[in-house]
Amino acid sequence: MNLDSSASALSYQSGFGNEFASEALPGALPVGQNSPQKAPYGLYAELFSGTAFTMTRSEARRTWMYRIQPSAKHPAFAKLARQLAGGPLGEVTPNRLRWSPLQIPSEPTDFIDGLVAMVANSAAQKPAGISVYHYRANRSMERVFFNADGELLLVPELGRLRIVTELGMLDLEPLEIAVLPRGLKFRIELLDPQARGYVAENHGAPLRLPDLGPIGSNGLANPRDFLAPVAHYEDLRQPTTLVQKYLGELWGCELDHSPLNVVAWHGNNVPYKYDLRRFNTIGTVSFDHPDPSIFTVLTSPTSVPGLANLDFVIFPPRWMVAENTFRPPWFHRNLMNEFMGLIQGAYDAKAEGFLPGGASLHSCMSAHGPDGETCTKAINAQLQPAKIDNTMAFMFETSQVLRPSQFALECPELQNDYDACWASLPVTFNPNRR
């Protein structure tokens with residue numbers, strides 16, 4: 001049986017961190033055990049582990065797959081001649097950096113070839129840290145890919161995607177995100193002529209929902225709004241290239257079948273998507289600007305309580321009602337390191353220069369805040385309830401310093417005049433007037 005991945009309507013399972021179960025053929029899931037002597041339909045049982053066996057049950061992530069051919073059936077991998085764009089990490093710089101949107105190549109480019117390394121804070125073999133990429137594509141993948149180096153968080157800015165994975169399919173559009181577990185095989189098909197966006201590669205603990213503390217049991221990203229796929233398989237006996245990223249390098253081998261051949265599965269180590277428009281935004285209804293941690297969608301913790309390996313934070317449409325308050329994000333010097341992107345609209349701390357598809361980097365203790373134009377307007381504004389609308393900025397925040405790639409420091413999209421946006425900040429100090 002070969003299910004057509006071009007079908008328009010997809011079904012999903014709802015919830016975050018659930019023990020899901022799905023089968024594309026009735027009775028394909030074994031009952032009462034994981035690895036029977038003879039699995040239904042002559043399938044192979046295969047365990048897909050996302051954490052160590054001895055993790056606490058609340059932290060453990062694993063999925064049992066029942067597939068036509070096991071993943072072990074492949075020849076040796078060979079290092080590919082064409083590696084990821086971006087080059088090695090560049091020189092260390094404490095400077096604030098901002099990039100205009102990267103151009104989409106004119107030559108045929110799939111998701112893998114369109115990945116460009118921008119910043120990173122650790123080598124891929126370390127069990128912590130993140131790497132950040134841009135992706136640009138103008139054709140669907142014919143290859144299948146998996147990433148041995150970390151979990152992938154995809155943030156589209158332009159163009160719809162269909163992500164065909166071992167466990168089923170996810171359709172993704174701008175203002176939605178997808179998370180793909182480390183090692184999951186997938187193929188990305190374009191549903192529009194071009195696609196562009198951002199990828200955070202999480203080398204640390206898997207992403208999860210942040211604790212809500214005094215907010216209570218509801219708010220921010222609600223678990224029911226996360227969607228996991230249902231089983232879908234390809235029974236294709238044709239040459240297929242399988243590519244993996246291993247310690248930052250691309251390796252490939254040739255199969256005689258599609259590796260997206262899982263007929264049934266159960267577990268919690270699964271891909272999922274989330275619509276950012278469903279985020280329940282929290283904010284002040286009195287005065288001052290709360291810390292931006294109230295906008296956290298997902299977090300990857302470290303061993304230090306409250307210190308994130310990766311926080312994924314958004315700045316969505318919201319009402320601003322604070323009285324006697326400087327309403328834009330305040331001026332800041334941060335222990336954490338902030339890589340920001342923009343999906344649509346404008347960011348309320350920058351009047352111009354920060355464009356959809358662009359990015360900025362403010363490293364540890366790099367002073368930042370609203371630009372001169374935004375600051376002047378905010379100081380003199382008549383404070384009435386106002387809605388920030390038609391916007392979606394986001395931030396990958398991490399506790400380790402992010403180093404730009406050589407490409408990021410040399411590309412023409414780097415805005416060499418970024419510091420000038422603060423040059424027009426007025427001096428309003430007057431010792432004779434309080």
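Cβ from N, Cα, C; glycine included.
Quick caveat, the model's predicted, so the values are computed rather than measured.
Copied over from Swiss-Prot:
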{"type": "ACT_SITE", "residues": "His289", "note": "active site, proton acceptor"}
{"type": "BINDING", "residues": "His332, Glu338, His368", "note": "Fe cation binding site"}
{"type": "BINDING", "residues": "Tyr347, His368", "note": "homogentisate binding site"}
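Projection of Swiss-Prot feature records onto the structure.
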{"residue": "His289", "record": "active site, proton acceptor", "CB count, 10 Å": "16"}
{"residue": "His332", "record": "Fe cation binding site", "CB count, 10 Å": "15"}
{"residue": "Glu338", "record": "Fe cation binding site", "CB count, 10 Å": "22"}
{"residue": "Tyr347", "record": "homogentisate binding site", "CB count, 10 Å": "25"}
{"residue": "His368", "record": "Fe cation binding site", "CB count, 10 Å": "21"}
Residues within 8 Å of the His332, Glu338, His368 Cβ centre (excluding the Fe cation site residues themselves): Pro329, Arg333, Asn334, His362, Ser366, Ala367, Gly369
